[in-house]
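Among the features that TrEMBL reports, domain 'CBS' is placed at 696-754. TrEMBL lists 81-102, 130-151, 181-199, 242-265, 277-299, 329-353, 442-461, 467-489, 501-525, 531-552 with the feature transmembrane segment.
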Amino acid sequence: QLTPSSLLRIGQLSNVDLNEDIHELETELPRQRPNEIPHNEKLLSLKYESLDYDNSENQLFLEEERRINHAAFRTVEIKRWVICAMIGILTGLVACFIDIVVESLAGLKYRVVKDNIDKFTAKGGLSFSLLLWATLNASVVMVGSVIVAFIEPVAAGSGIPQIKCYLNGVKIPHVVRLKTLVIKVCGVILSVVGGLAVGKEGPMIHSGSVIAAGISQGRSTSLKRDFKIFEYFRRDTEKRDFVSAGAAAGVSAAFGAPVGGVLFSLEEGASFWNQFLTWRIFFASMISTFTLNSVLSVYHGNAWDLSSPGLINFGRFDSEKMGYTIQEIPIFIFMGVVGGILGALFNALNYWLTMFRIRYIHRPCLQVVEAMLVAAVTATVGFVMIYCSRDCQPIQGSSVAYPLQLFCADGEYNSMATAFFNTPEKSVVNLFHDPPGSYNPMTLGMFTLMYFFLACWTYGLTVSAGVFIPSLLIGAAWGRLFGISLSYLTKGSIWADPGKYALMGAAAQLGGIVRMTLSLTVIMMEATGNVTYGFPIMLVLMTAKIVGDYFVEGLYDMHIQLQSVPFLHWEAPVTSHSLTAREVMSTPVTCLRRIERVGTVVDILSDTSSNHNGFPVVESNPDTTQVAGLRGLILRSQLIVLLKHKVFVERANLNLVQRRLKLKDFRDAYPRFPPIQSIHVSQDERECMIDLSEFMNPSPYTVPQEASLPRVFKLFRALGLRHLVVVDNRNEVVGMVTRKDLARYRLGKEGLEELSLAQT
């Protein structure tokens, strides 16, 4: 295993004197792991492959499609609906499981700590309580972090950036595996119970996507089980549509917002969209919310009442109490500006922190230590804030789950404790709905300040955790503070109800951090169960997005960029009309002839330096008069299946009892095609010929080399291509456009910039 720095050295061999470089390599290799990984955000990584959204219309495919009659197509359509229903049901059940386990474990933890604090307040020695709280937190988070860091690192974070990339067409390794789902669910339970500043909503989206990918394939590669159902859907096109349904079901299970889920999938995820898909995705979302509802209402003991829609329920906002007047609209817009600025600050801090983590904290053991440190610090900060706070409120008439008395008089509780000594979800609801006067402005100010930095430090740790709820909590705290100060200024006028401003602040803060507009508006409206606030929430989110985008990009886009993923945005960069396909494409292209020697194919596939995935097929007889025009395109995965089944021309002539390859053979090998190294080809077989005509895609998409970059980009992005062949006017192959060639160009501060490609 070479370190990246030594790889860079090897890359520079060509222009350095060889002897001294070999000497350098010898000194470099014994230190296996460097202390610092050089990381540059102006790179695009080559380790990510593209998904094939475009079906390969070869002869096998066309024959199969012609064989399917109308009735069979109808069964396929019914299967799609069945899969969507199963996705909804399972996502809802996973959400229930997370919710119930978190509630019982966190309740247990808070009861233990509360009894301990009550005991020691009476007789002194509160430092023991602090130790107990910090140790509990750190040990729980340690388990949650160990499983992520050592078993499945993809499960870290909220998983939304990864799903965004997957739906954009980038194959992120292990992102939709069963193992990832298990680690994700356990990890998110442990990190929420461990008292970190995280929410359990983001990971639901990832979990839903994994469930969708698993069900739609009808088998599990992790468990080595094949259920022989849904075989028709074993290709990227279908799988990706189901994953977008899974993501939507995850959102709607998390927030009880089915429409918001569909819009999230549309806004953040899917690059491809049609009307049937919308309706199926909505169906999956509705089923998932309904499942969550029914199971949770049975669990809470009122079996026929379906009123607890999502994992986070902001409670009902009554229209009578909570109307808004025309003169408040400028105030809401101002709150949007504040949210945008704070969100941009959050993202900038998190950016530097993530760069530091990539460079220095890249070993699993260090990552676990950091997570434990954050957990202990979070507990300590919470304890110190509660200890120093003198903000006492009367207990009767308040709905506090774990009222801590500390140094308050009998019958009163410490109101700082309602914010810190609770799961973040409950704290958000308290901030929205506690009656005016429940919080001291000082309490809210200190809480906002501390929680802002804690949440910023927590996002990007090696634990499964979302950023939705912490952002809502920060925003709700400063929004409520804003509302209180308004009512001071207006001498307690009736319209300054702090709960309403808490809601707007929460929307502004979340919008400023993640920069979602459409889906977030609808999610907030559905979660509060009130349409009255649609317009102000939309205004706040738009303002927050405009202001935030002026400084830095959104949190998810930033993390995608930090991982050097070749992500394609909706449009090509604005100023890129001057570039043509000839300047963008990769050359030279490795072409295959239509009837090719097996040895040549094996050598091309084994060549690690090129590692191409698509090969244009040209006319085979190299006659001088005839132009070697483009005849088709064949993929690496198809060639590997052909070699594995030894489909050679000579064998066909021997009239052996050899069945023709069917599409089923290609589907059974999907999605993990064996590497070329595992396929054994003997010396005699290398001399055989292989006929590619019925396996290649005879009608690949091509562009002339004069096409401008935006035009190429539009074609590539809208059809979800993986390879786009560039031809000259005689239909000869001159180059190939892949995802990396297009993602290299993006708008920087000074205009159009070109990123370099890196192996790491």
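We number each residue from 1, going along the chain as drawn.
Cβ coordinates come from backbone N, Cα and C, glycine included.
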May I ask which of the stretches 130-151, 242-265, 277-299, 501-525 has the most CB pairs under 8 A with the transmembrane segment (181-199)?
130-151
Give me the DSSP three-state residue breakdown of the domain 'CBS' (696-754), ordered helix, strand, coil.
16 helix, 24 strand, 19 coil
Would you say the transmembrane segment (442-461) and the transmembrane segment (81-102) are touching, if the rule is that at least three C-beta pairs must lie under 8 angstroms and be 6 or more residues apart?
no
Mean pLDDT across the domain 'CBS' (696-754), rounded to an integer, is what?
88
Same-chain residue ranges lying at least 6 outside the transmembrane segment (277-299) that approach it to Cβ under 8 Å:
80-81, 84-85, 87-89, 91-93, 95-96, 99-100, 208, 212, 241, 244-246, 248-253, 256-259, 261-262, 265-266, 270, 305-311
Per the Cβ filter (under 8 Å) with a sequence gap of at least 6 from its ends, the transmembrane segment (531-552) is approached by 317, 319, 322-324, 328-329, 332-333, 335-337, 339-341, 343-344, 347-348, 351, 500, 503-504, 507-509, 511-513, 515-517, 520-521, 524-525, 558
Would the transmembrane segment (501-525) count as touching the transmembrane segment (329-353), i.e. at least 3 C-beta pairs under 8 angstroms with sequence separation of 6+?
yes
Other than its close neighbours in sequence, what residues sit by the transmembrane segment (467-489), given a CB gap under 8 Å and a spacing of at least six beyond its ends?
158, 197-202, 254, 312, 331, 335, 338-339, 342-343, 346, 419, 424-425, 427-428, 431-432, 436, 439, 441, 444-445, 447-448, 451-452, 454-455, 458-459, 496-510, 513-514, 555
